[in-house]
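Just below is one structure, and these are the notes that go with it.
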Amino acid sequence: MGWCSPSTPRQLLSTVSLFAFGAGLLAFGIHLSYVNIEPQRARTLARDQFETSVSITGDGDLRQYKAEKLIAEAAGYGSQLVLFPEVFIGGYPHGSTFGLVVGNRTAKGKEDFRKYHAAAIDVPGPEVSRLAALAGKYKVFLVIGVVERAGYTLYNTVLTFDPLGKYLGKHRKVMPTALERVFWGFGNGSTIPVYDTPLGKIGALICWENRMPLLRTAMYAKGVEIYCAPTVDFTASWQASMTHIALEGGCFVLSANQFSRRKNYPPPPEYTFGGLEEEPSPESVVCSGGSVIISPSGTVLAGPNYEGEALLTADLDLGEIVRAKFDFDVVGHYSRPEVLSLVVKTDPKPAVSFTSDAEKTSGG
């Protein structure tokens with residue numbers, strides 16, 4: 001079954017509900033339906049937070065099984081878009097130092113990286129094909145964070161799939177934060193997509209790169225309407241950033257975070273948390289969630305949730321995007337390109353380019 005297109009401007013009534021389940025990792029869902037010429041209706045669901053062991057131990061198959069379980073549950077609620085947190089497949093190595101100090105890397109740290117590298121996925125690759133099949137099976141748009149392996153370099157990546165089971169593309173995190181820069185590579189302007197879909201224009205930026213004003217501006221210029229922000233930031237300032245982005249961009253913001261405890265990671269001494277005076281207890285919360293759905297007017301439609309796993313639902317009034325843009329269109333009537341402008345370089349930047357002898361000859 002193919003996509004259908006709306007025949008009227010997108011607008012709807014808004015309702016919000018919250019379901020609490022326990023502890024876990026989150027996914028979002030959006031339900032959209034068209035009935036003749038009736039207003040378009042979208043429903044969002046957010047599952048916040050599914051506990052799971054970091055994949056430094058190589059549990060990629062388990063994570064994909066858990067992903068299917070959550071996708072199926074979200075689809076059962078009528079979801080048409082499902083969003084998972086940052087590096088759901090591959091895992092976020094909270095507390096790990098990978099044996100790094102200035103001028104030295106320990107043997108254990110190098111082995112930890114080898115395991116982390118082994119747990120990452122190739123894009124494209126068999127895991128990507130399996131995720132595409134899940135999107136097709138449950139007829140959802142799927143946006144999911146992964147650790148991508150490209151040779152011997154890893155990337156913090158978001159993959160997007162459509163309800164027909166097609167892989168649409170990826171976004172690589174442009175700027176890893178702090179120590180992340182020693183185990184993740186840097187994305188470039190060739191992977192900053194916004195996908196035009198019947199749900200609206202969907203795009204994603206990851207964690208603190210959402211704080212980069214120029215990168216956000218590039219997303220706004222591409223017309224993003226459903227702005228996905230997978231993260232591991234559970235601080236109050238993150239909520240402020242998400243509200244600001246919704247207002248600034250005149251878009252819906254879906255921020256997906258994880259909820260994890262110390263027991264979800266391998267025990268010491270196999271896995272230790274650096275920078276702490278003492279090892280956390282098994283029940284200590286490592287990442288406390290904070291998943292949230294925010295409207296273009298800055299209204300919090302669902303969340304933030306810090307209590308454990310929850311299923312957040314909200315109807316999106318997509319007409320609110322137009323109403324918000326009437327007040328403030330950051331790349332439209334509220335821009336001053338003759339004073340301030342932005343150039344985004346979207347071509348890939350390979351480390352090595354090869355030119356054939358024939359091209360050299362023809363070029364003189």
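These residue numbers are counts, starting from 1, taken along the chain as shown.
Here the Cβ of each residue, glycine as well, is placed from N, Cα and C on the backbone.
For reference, TrEMBL has these:
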TRANSMEM  12-34  transmembrane segment
DOMAIN    43-318  domain 'CN hydrolase'
ACT_SITE  Glu86  active site, proton acceptor
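Within the same chain, residues at least 6 positions away in sequence whose Cβ sits under 8 Å from that of Glu86 (active site, proton acceptor) are Tyr92, Gly145, Asn156, Ile206, Cys207, Pro230, Thr231, Val232, Ala256, Asn257, Gln258.
Here the domain 'CN hydrolase' (43-318) has a mean pLDDT of 89 out of 100.
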